[in-house]
Structures are given as structure tokens and as C-alpha cells.
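Asks: According to Swiss-Prot, the protein has these features:
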{"type": "ACT_SITE", "residues": "H43", "note": "active site, charge relay system"}
{"type": "ACT_SITE", "residues": "D88", "note": "active site, charge relay system"}
{"type": "ACT_SITE", "residues": "S182", "note": "active site, charge relay system"}
{"type": "DISULFID", "residues": "C7-C141", "note": "disulfide bond"}
{"type": "DISULFID", "residues": "C28-C44", "note": "disulfide bond"}
{"type": "DISULFID", "residues": "C78-C234", "note": "disulfide bond"}
{"type": "DISULFID", "residues": "C120-C188", "note": "disulfide bond"}
{"type": "DISULFID", "residues": "C152-C167", "note": "disulfide bond"}
{"type": "DISULFID", "residues": "C178-C203", "note": "disulfide bond"}
{"type": "DOMAIN", "residues": "1-227", "note": "domain 'Peptidase S1'"}
{"type": "CARBOHYD", "residues": "N45", "note": "N-linked glycosylation site"}
{"type": "CARBOHYD", "residues": "N57", "note": "N-linked glycosylation site"}
{"type": "CARBOHYD", "residues": "N81", "note": "N-linked glycosylation site"}
{"type": "CARBOHYD", "residues": "N132", "note": "N-linked glycosylation site"}
{"type": "CARBOHYD", "residues": "N148", "note": "N-linked glycosylation site"}
{"type": "CARBOHYD", "residues": "N229", "note": "N-linked glycosylation site"}
Amino acid sequence: IIGGDECNINEHRFLVALYDVWSGSFLCGGTLINQEWVLTAAHCNMSNIYIYLGMHNQSVQFDDEERRYPKEKYLFRCSKNFTKWDKDIMLIRLNKPVRNSEHIAPLSLPSSPPIVGSVCRVMGWGTITSPNETLPDVPRCVNINLFNYTVCRGVFPRLPERSRILCAGVLEGGIDTCKRDSGGPLICNGQFQGIVSWGPKRCAQPRKPALYSKVFDHLDWIQSIIAGNKTVNCP
């Protein structure tokens with residue numbers, strides 16, 4: 001997160017961290033949506049990851065911190081009417097459910113679609129400088145604005161005319177999600193509306209917002225898989 005502050009210890013109980021098993025390096029964020037499922041970005045998918053829940057400072061362990069492995073992973077595989085931009089979403093089933101605790105609690109799925117003009121909260125352990133990386137020990141939080149999708153199309157002409165993508169940032173620059181914030185939540189008016197997906201190589205430039213996968217448009221898929229319907233039809 002560029003331009004943010006350390007998150008309040010109580011405001012990110014649903015925020016999880018994905019690590020590479022072999023190198024131990026921090027990869028991505030994710031969001032706990034119930035006791036055994038995490039929603040993240042598809043581009044965070046590595047063959048061997050483990051997931052930390054209930055973490056704040058990466059070098060100080062809480063008593064209720066939990067470590068899990070993916071038992072199952074689901075990628076959004078629809079090709080008709082979808083471009084590669086529309087598919088940066090992944091569901092992970094934990095190898096063992098987690099219990100709610102002081103630092104762990106799920107974030108519910110959105111009950112209504114996001115509204116352009118909303119102020120949204122983003123958070124993560126991603127780099128705090130760009131283009132060179134500086135990774136913080138604690139998650140950073142900051143507020144950004146939800147723009148009309150056409151704003152991002154103006155910046156990234158390759159984007160399709162219509163898509164399941166949200167466009168958000170701060171037009172003056174200086175505030176943004178960045179590398180390794182991927183997979184974390186975009187929370188607008190208290191609702192979980194987006195997943196950190198993609199942005200320019202250099203983060204937080206003026207008039208260059210970033211892209212977020214739109215959770216609301218994938219609800220059918222998410223709910224079907226959680227319900228046990230593993231061969232979900234495309235919407």
C-alpha cells in the first residue's frame with residue numbers, strides 16, 4: 001500500500017497472508033469469507049502456498065494466529081463473454097476450518113453492488129514504495145475512491161468495453177495498492193466489493209487508478225462452489 005498508515009489491529013481480522021512454502025516469502029493477501037474459505041486473486045496461485053490468518057506484525061506472533069494449507073483451489077474458468085481481465089479471482093478451501101477469535105473473523109460477501117463515487121478501504125502487506133519494493137512488517141490501510149470503469153479504460157486502452165472489473169484509486173496520485181497487495185480486499189461502505197488485481201508497473205501515479213475484480217458479479221460462482229457444486233456453469 002502506497003501512502004497508507006498501519007492498519008488498526010482490529011480492522012483486518014478477515015485479512016489473510018499467502019506465502020510461498022519453499023522460499024517462505026510473502027506473496028499476496030486474501031480475504032476470509034467464512035470458516036473455511038478464502039477469496040484471493042487468481043494470479044496469486046502458486047503450486048505451494050500456505051496461509052496465515054490472524055496476523056498483524058509478520059515478526060510478532062499472536063496467540064490465536066493460525067496457519068493453513070489449501071485443500072482445494074478453484075479458478076474462474078469461464079471463457080465465453082469473459083476476457084483474461086475478468087478472471088482474476090480464486091477460491092481456496094482451507095485444509096481445516098478456523099474459529100473466530102480476537103484476530104480472526106470472516107468478512108461477509110456483498111449484499112448490494114458497489115456505487116461509483118464510494119470511498120473504499122484497501123489494506124495489505126504489499127510494498128510501500130514503487131517501483132522499488134519495500135515490504136512492511138505490518139499491514140497498511142488507506143482510503144481510495146471508486147471510479148467509473150471508463151476512467152480505467154481511458155488509462156488502459158486494452159481493457160474490454162464491458163467487464164467485471166472495478167476501477168479505484170486517487171486521481172492526485174500518491175495513494176494506491178501495489179505489488180503484493182494483490183488478492184486483498186477492497187471494502188466500500190463496509191461491503192467487500194473488490195479483490196486487488198492489477199495496475200501500472202509504477203503504483204500511485206496521478207490519474208492512473210488500479211483494477212479490482214468485482215466480487216458482486218461473481219457471487220453465483222462463489223456461492224455455488226462453497227455449496228459443493230464443483231462444476232459450476234458459467235453465468
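Including glycine, each Cβ sits where the backbone N, Cα and C put it.
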Asks: Going by C-alpha positions, which of the active-site residues (H43, D88, S182) is nearest C188 (disulfide bond)?
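Replies: So, spelling it out, the nearest of the active-site residues is S182.
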Asks: So which recorded positions are near C44 (disulfide bond), with CA atoms within 10 Å, out of D88, S182, C203?
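Replies: For C44 (disulfide bond), the recorded positions whose Cα atoms are within 10 Å come to D88, S182.
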Asks: Find the average pLDDT over the domain 'Peptidase S1' (1-227) in the predicted model and report it.
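Replies: The average pLDDT of the model in the domain 'Peptidase S1' (1-227) works out to 95.
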Asks: For N148 (N-linked glycosylation site), name the DSSP secondary structure in the helix/strand/coil scheme.
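Replies: In the DSSP reduction, N148 (N-linked glycosylation site) maps to coil.
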Asks: Rounded to the nearest Å, what's the C-alpha distance separating C167 (disulfide bond) and H43 (active site, charge relay system)? Just drop the number here, would you?
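Replies: Distance (Cα to Cα, whole Å): 18 Å.
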Asks: I need the least crowded one of these disulfide-bonded residues (C7, C178), counting other C-beta atoms within 10 angstroms of each C-beta.
Replies: C7
Asks: What kind of secondary structure is N132 (N-linked glycosylation site) part of, going by DSSP in three states?
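Replies: Assignment for N132 (N-linked glycosylation site) reads coil.
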Asks: Quick one: pull the CA-CA distance for N132 (N-linked glycosylation site) versus C178 (disulfide bond), whole Å only.
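Replies: If we compare the Cα positions of N132 (N-linked glycosylation site) and C178 (disulfide bond), the gap is 11 Å.
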Asks: Give me the non-local Cβ neighbours of N57 (N-linked glycosylation site): same chain, 6+ apart in sequence, Cβ-Cβ under 8 Å, ordered along the sequence.
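Replies: Looking at Cβ-Cβ distances below 8 Å from N57 (N-linked glycosylation site), excluding near sequence neighbours, one finds D137, V138.
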Asks: Counting other CB atoms within 10 A of each CB, which of the disulfide-bonded residues C78, C203 comes out lowest?
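Replies: It is C78 that, of the disulfide-bonded residues C78, C203, has the fewest other Cβ atoms within 10 Å.
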Asks: Let me know how many other Cβ atoms fall within 10 Å of the Cβ of C152 (disulfide bond).
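Replies: The answer is 23 other Cβ atoms.
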Asks: Roughly how many Å separate the Cα of C120 (disulfide bond) from that of S182 (active site, charge relay system), to the nearest whole number?
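Replies: Between the alpha carbons of C120 (disulfide bond) and S182 (active site, charge relay system) there are 16 Å.
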Asks: Whole-number Å only: compute the distance from the Cα of H43 (active site, charge relay system) to the Cα of N148 (N-linked glycosylation site).
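Replies: The Cα atom of H43 (active site, charge relay system) is 24 Å away from the Cα atom of N148 (N-linked glycosylation site).
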Asks: In three-state terms from DSSP, label C44 (disulfide bond) for me.
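Replies: In three-state terms, C44 (disulfide bond) counts as helix.
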